[in-house]
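Look at Swiss-Prot and you will find 1-180, 241-369, 445-840, 892-911, 972-989, 1044-1074 tagged as topological domain 'Cytoplasmic', backed by sequence analysis. Annotation source Swiss-Prot lists region 'Disordered' at 1-33. What Swiss-Prot records for 13-27 is compositional bias 'Basic and acidic residues'. Among the features that Swiss-Prot reports, region 'Interaction with calmodulin' is placed at 43-54. Residues or ranges marked as topological domain 'Extracellular' by Swiss-Prot: 202-219, 390-426, 860-870, 935-949, 1012-1021. Summarising the annotation, Swiss-Prot assigns active site, 4-aspartylphosphate intermediate to ASP482 and lists similarity to another entry as the type of evidence. Look at Swiss-Prot and you will find ASP785, ASP789 tagged as Mg(2+) binding site.
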Amino acid sequence: MTSLLKSSPGRRRGGDVESGKSEHADSDSDTFYIPSKNASIERLQQWRKAALVLNASRRFRYTLDLKKEQETREMRQKIRSHAHALLAANRFMDMGRESGVEKTTGPATPAGDFGITPEQLVIMSKDHNSGALEQYGGTQGLANLLKTNPEKGISGDDDDLLKRKTIYGSNTYPRKKGKGFLRFLWDACHDLTLIILMVAAVASLALGIKTEGIKEGWYDGGSIAFAVILVIVVTAVSDYKQSLQFQNLNDEKRNIHLEVLRGGRRVEISIYDIVVGDVIPLNIGNQVPADGVLISGHSLALDESSMTGESKIVNKDANKDPFLMSGCKVADGNGSMLVTGVGVNTEWGLLMASISEDNGEETPLQVRLNGVATFIGSIGLAVAAAVLVILLTRYFTGHTKDNNGGPQFVKGKTKVGHVIDDVVKVLTVAVTIVVVAVPEGLPLAVTLTLAYSMRKMMADKALVRRLSACETMGSATTICSDKTGTLTLNQMTVVESYAGGKKTDTEQLPATITSLVVEGISQNTTGSIFVPEGGGDLEYSGSPTEKAILGWGVKLGMNFETARSQSSILHAFPFNSEKKRGGVAVKTADGEVHVHWKGASEIVLASCRSYIDEDGNVAPMTDDKASFFKNGINDMAGRTLRCVALAFRTYEAEKVPTGEELSKWVLPEDDLILLAIVGIKDPCRPGVKDSVVLCQNAGVKVRMVTGDNVQTARAIALECGILSSDADLSEPTLIEGKSFREMTDAERDKISDKISVMGRSSPNDKLLLVQSLRRQGHVVAVTGDGTNDAPALHEADIGLAMGIAGTEVAKESSDIIILDDNFASVVKVVRWGRSVYANIQKFIQFQLTVNVAALVINVVAAISSGDVPLTAVQLLWVNLIMDTLGALALATEPPTDHLMGRPPVGRKEPLITNIMWRNLLIQAIYQVSVLLTLNFRGISILGLEHEVHEHATRVKNTIIFNAFVLCQAFNEFNARKPDEKNIFKGVIKNRLFMGIIVITLVLQVIIVEFLGKFASTTKLNWKQWLICVGIGVISWPLALVGKFIPVPAAPISNKLKVLKFWGKKKNSSGEGSL
């Protein structure tokens, strides 16, 4: 596996920008390259300046509008400045109030059934007016005015929700309208080549009507004009459809789901369905979904940088600073809030309304393809200019013949009108060569395949937040995966327990231990239990671990509400992924203070100095007893159980801080008394082992990075196939986060490639691993769900956040959200990533074949005979097949298992591989040879010698045009499978591909048989049709024979200095395959 990764083309080389080495040198030498993440505006501007801008409106129509991006940033900054000014003003007013200057607020006026108007709420929330809140009776009084219960929320029935939305508004904001179809139509008209063709068409139309009359004279100019209009309409329709598709995907990205309290139970709703009066639980990583006031909280701290631009973390207090701004993130602690403002009645709503039009995104592949288009376009321009000069020279020197064999131009005799008409036709041919030569379909193909892939990935439970992640995922060489919920089902149940100094029945503990365990479970939790009024099963909320422990508490006889009412929380330390534990201090009914801790078993056990024995007495934690518990932990962990310990200690009530000091109190975590250790079963997901094997066969190493015990991680890794039964299970294959953390960067770099499992890791350990792997040249994908995973998700080449267990902070730092938290979905993302790249390569092979063939045929014919067999209208039709229909057919190929049998795609590898060069040259040489032979010897070969010369020439040119188009149609089948011999595999299942082929053929028949005057064709008999079909079909066996021709290992592109932007030079181990 290691050797496979070392030779993989997906690995970064020494000078790769993505590895962070020699960035400036590399970027300077490759204009058409941008980083896959966080490209600077300057870098994005640089490649545009280098691109061929003859037809900029089409070239850049699928790229980021840099001017609009700058305007968006400025608008965001203005609104942030406004929010910042409001906060400063609020602090000033707070100081004034403290000095005795009290701001008065008028009495609340009724608003429907509620006791406060929307205007009053908006003024209070936006000004952070504590005085107004006090006048309304504080948070409880405000809740009464809004007819909500701080502990149970609103009733949540349809009538209540409708009233609240009617009076206070909904949590939505007006979206700026995207570009309409007419705008896309107008943009398509700005293509300079099409404008020149349209001018030529108008001139030809006017001259034709003048010389031949309206009945016959409109054909040439009218045909070109119609063809140009058709290209414009098809381009606009395609662009408009893609715009709608991306808009729908953007809507899905913004649709956050969260829990609210309604009718006493926690229910999950869309952020758009939040109403004023809702009570919302807040936990680390959540986004504050609306403006509101804090009801209660423990160590609650917010990151308000999204609104104020300041990265400072702000502590929130229900008494002193209760106002919460929509859009901020919960950085620490937990609490619950009462919603007071939604939608445009919030600063965040105003911000989103002002920038809600998504401005697209640049992807590295789009930029590289623009580099390809620039090079080919330059050749096309040179060829077109040469053809123009040659045709004009031949015409004015009398070498261009008319239908009677005489010179078309005779100095002093040919009328000026005829000269202008002939020159316009020559110009039209030259411009049309540019239209066909410049492969504008390449950016369209990227957009099509990305849009198609993103839509299909949604069905595969993956929501793409950043387009370039689709491409980058195809290059991934390693995946650092979480265990819980990704490799396992996240359906946890307590199945074993140690308490009273021995292994016990999970449902029967000594009475003394039971009472303390129930107290700890009910208070030291962010979950809850809802008891339906009409009876029925209990409803648990919270994380899977919390649910499992709450369920265990119920089996022990716990009544959740009763247990919570018997003590009150003084202070809480929410679970911390660094410390691997969370604690709470409670005051019991008899005035005692208990500090309860819950967390990773061996970490909590290490803090215990005693335990409660089976008689309910506190006994010292001897070495023997500590070893007994440790062996129990190892035994459970070795059987894939997740081990959690519960402990407590008493604390002197008089030493408990009060006032402001209470919020800063660090709960004591030493001298603990062990209550119980439980083993929680979290089964492996079905099929995850097959997914891991699929990754390994594809050259992608899967590594498990988990906060669980090393032994639990080892057992799960063996079950999932990450570790083989005969693998070396010592360091560094199996390593603990602490050991890795204490190493130097150099030491980490030596072993990081060998790590398969990292247990008891913190989010920072994951970040260190990602950084080390990237330094080693890996393209790293990372899964994460917690707020503290954000740095690793951001640092990785592809950050994958969990959609179910993931916090909003993690999701916002990610590139792709895995909606079902399933590792199998991660593997599907890898398949789609490879499919994006493969589909683009298929289209490049197809399009370049057409480019080369059309250019050579017209150039050779123009130089030798002064005429071209493929007319302007015919070339525009070919352009339509190539740019739009071809892109649609080849860019929407679904991924195949064949893709997962290859090593990862190298992001800096040549786009045109040796296999593609071989395939396209074989087809292009064949087409050029056959069609030029027909051009020069067609009349005799086809037996047309006895026909009228003009008719014979027209039949010959029609056969050339027809055969050329059919060659492209049949060659689309070859392009589907560039390196496979069976080009028909799975073709019937791809209905879109077959539909486009049928449409192309039907339209071609119509053009040849019924639109002769429009397309300069004539009807063909069945024998002539058979010849055309035969010429096209031969491309199939020719492609098959060609696939037996070996290709060199070193990419041809490396030897061609002029093609440097098609890929960076590979090392000697690089392959010329996809």
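Including glycine, each Cβ sits where the backbone N, Cα and C put it.
Recorded features from Swiss-Prot, shown on the structure.
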residue	record	CB count, 10 Å
ASP482	active site, 4-aspartylphosphate intermediate	26
ASP785	Mg(2+) binding site	26
ASP789	Mg(2+) binding site	29
Quiz prompt | Contact set, same chain, for the topological domain 'Extracellular' (935-949): CB under 8 Å, 6 or more residues outside the stretch | solution = 403, 405, 857, 861, 864-865, 869, 955-956, 959-960, 1024, 1027
Quiz prompt | Rounded inter-Cα distance in Å - the residue listed as 'active site, 4-aspartylphosphate intermediate', ASP785 (Mg(2+) binding site) | solution = 9
Practice problem: According to DSSP, folded down to helix, strand and coil, what is ASP785 (Mg(2+) binding site)? | Solution: coil
Practice problem: Please indicate, using numbers and ranges, the residues of the same chain that are 6 or more beyond the topological domain 'Cytoplasmic' (972-989) and have a C-beta under 8 Å from a C-beta there. | Solution: 841-843, 845-846, 849, 886, 889-890, 893, 896, 898, 915-916, 919, 923, 997, 1035-1036, 1039-1040, 1043, 1073-1074
Practice problem: Could you give me the DSSP helix, strand and coil counts for the topological domain 'Cytoplasmic' (972-989)? | Solution: 5 helix, 0 strand, 13 coil
Quiz item: Averaged over the topological domain 'Extracellular' (202-219), what pLDDT does the prediction give?
Solution: 75
Self-check item: Residue counts (helix, strand, coil, in that order) that DSSP gives for the topological domain 'Extracellular' (860-870)
Solution: 6 helix, 0 strand, 5 coil
Quiz item: Going along the chain, which residues at least six beyond the ends of the topological domain 'Extracellular' (202-219) come within the CB cut-off of under 8 Å?
Solution: 225, 417-418, 420-421, 424-425, 428, 1013-1014
Exercise. Count the residues of the topological domain 'Cytoplasmic' (241-369) that DSSP assigns to helix (H, G, I), to strand (E, B) and to coil, and report the three numbers in that order.
Key: 39 helix, 50 strand, 40 coil
Self-check item: Structural state census, the topological domain 'Extracellular' (390-426) (DSSP three-state)
Solution: 18 helix, 2 strand, 17 coil
Quiz item: Against which stretches of its own chain does the topological domain 'Extracellular' (390-426) lie, if we need a Cβ under 8 Å and a gap of at least six residues from its ends?
Solution: 200, 203-204, 207-208, 210-211, 220, 862-863, 866-867, 949-950
Quiz prompt | Spatial neighbours of the topological domain 'Extracellular' (1012-1021) far in sequence, C-beta under 8 Å, 6+ residues away | solution = 219, 222-223, 226, 871, 873-874, 877, 951, 954-955, 957-959, 961-962, 1028
Quiz item: In the same chain, which residue numbers or ranges, 6 or more beyond the ends of the topological domain 'Extracellular' (860-870), come under 8 angstroms Cβ to Cβ?
Solution: 387, 390-391, 394-395, 399-401, 429, 854, 878, 928, 931-932, 935-936, 956-957, 960-961, 964
